[in-house]
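Colleague: Mind looking over this structure? Questions follow.
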Amino acid sequence: MNERRESTQGLLTVAAILLSSALNYGFTLLLGRWLDAAQYGAFASFTSLFMLSAALPVAFQQATSRRPAGANTRAALRAGGLLSLLLLALAPFARPAGLEPAWVAAFALTVAPLVVLGAWRGAAQRDGRTVAFGLSLLVEHGLKIALTLPLLSVLPGAAAAVAATLLGMLLALPVVRPARPAGAGVPEDTPAEGKRLLALGAAAQSGLLYGSVLMAGALLGPGGSGPFAAAATLARLVFFAGWAVQVAAFPLVARRAARGEPLRPLLLGALGATLLVAGLPAALLMAAPDWCARLAFGGALSGVSALLPVAALGTFLLTVAGTVLNHRLASGVAGAPWFTARAYLLACGALLLAMPFGRQPAPLMLLAALGQGSLLLFAASSFAPHSWRSFRVVSRV
């Protein structure tokens, strides 16, 4: 009965994430028709910064989902406050990456609630509050779409999309707020080092997904970065389909690891689901790039279709590797946070070393895909010294 309930909750979580991803990509389609290439590239750069910073909420979501109780609110506020100060300090220097300093400053003022949102979503996952978890995603992305059009009447272009993104995130907080005072009387059970490694791994994952767009903004300029950002954004549909499986699997693996149950069936199931839900959009983007680009952006952004197949392949390889690393992290195997962070950091290093050699959109996208795909190699190498028996875990960090 317990296993059946966990499976149902996992399926509901996958459905909520897929639906929220559909809303997010509806937003992408609308912006591709409402904004010109320069404005679209600027908003894509902001999205990249947003998602790089979202590594901290993701780390708190993972850490909180493995705590026995509490929602980590105070720790999330402290960490978010430090990130806010860092972003405020960097805001005056944001323009070379295609970002408006005012956007970075506005994001800095809202980043602490974003970290709290991640912690509260982790608590909702752990407590089986699947409806609250799913609704918070739908509210965030649904309101982002609903608010953009009225904001376009008072704010110029991409600034309206930035404001709608921040407002949607803030309005999702009440939906997933814990029923009782967050963390009251609950001791901290996640070591600070573990949280730092979780945050480091999540930041490196975001760097693989979004760092190429920020680098393209600096290497290609506004005109060339628009099509690059559009292709990378559309290809991320592949990642978010697989990410739905990863988010749903994480608490299931953690709970079964705590009970000492075999974990290999969950890994194989997660890989099979990833190949299905991420492989289908990847195959479509690679087989029919012209049709996908026209459907997504109409004729507003030229040059996107030539970049789509390579972008989709790189993102697909990253997603499959991410599912393997997500399982290892959730299983609580000794050293799992370090192995996971190391794999992502090595792949990020490959991306950073490769991309400066590309000065045109097509070779730059190929180099970005090679950097992303290298994660599969580093993920496999992190398992080399370990037996499959290590996936039957009795105790965990």
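In case you wondered, yes, glycine gets a Cβ from its N, Cα and C as well.
So TrEMBL says this about it:
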TRANSMEM  12-34  transmembrane segment
TRANSMEM  40-63  transmembrane segment
TRANSMEM  75-95  transmembrane segment
TRANSMEM  101-120  transmembrane segment
TRANSMEM  132-152  transmembrane segment
TRANSMEM  158-176  transmembrane segment
TRANSMEM  197-221  transmembrane segment
TRANSMEM  233-254  transmembrane segment
TRANSMEM  266-288  transmembrane segment
TRANSMEM  300-325  transmembrane segment
TRANSMEM  337-358  transmembrane segment
TRANSMEM  364-384  transmembrane segment
Colleague: Does the transmembrane segment (233-254) make contact with the transmembrane segment (337-358) through 3 or more Cβ pairs under 8 Å, each pair 6 or more apart in sequence?
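Modeller: These two segments do not touch.
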Colleague: As a test: from 101-120, 158-176, 197-221, 337-358, pick the stretch that has the greatest number of Cβ pairs under 8 Å with the transmembrane segment (132-152).
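Modeller: Out of the listed stretches, 158-176 contacts the transmembrane segment (132-152) most.
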Colleague: At least three Cβ pairs under 8 Å linking the transmembrane segment (337-358) and the transmembrane segment (101-120), pairs spaced 6 or more in sequence?
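Modeller: Contact absent: fewer than 3 Cβ pairs fall under 8 Å.
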Colleague: Among the recorded stretches 12-34, 101-120, 364-384, which has the greatest number of Cβ pairs closer than 8 Å to the transmembrane segment (197-221)?
Modeller: 364-384
Colleague: For the transmembrane segment (158-176), which stretch among 12-34, 40-63, 101-120 has the most Cβ pairs under 8 A?
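Modeller: That would be 101-120.
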Colleague: Please report, as numbers and ranges, the same-chain residues at least 6 past the borders of the transmembrane segment (40-63) whose CB is under 8 Å from any CB of it.
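Modeller: Contacts with the transmembrane segment (40-63): 31-32, 72, 75-76, 79-80, 83, 87, 94, 97-100, 103-104, 107, 111, 114-115, 117-119, 121-122, 125, 157-158, 161-162, 165, 190, 194-195, 198-199, 201-207, 209-211, 213-214, 217, 222, 225-226, 228-230, 232-233, 250, 300-301, 329-330.
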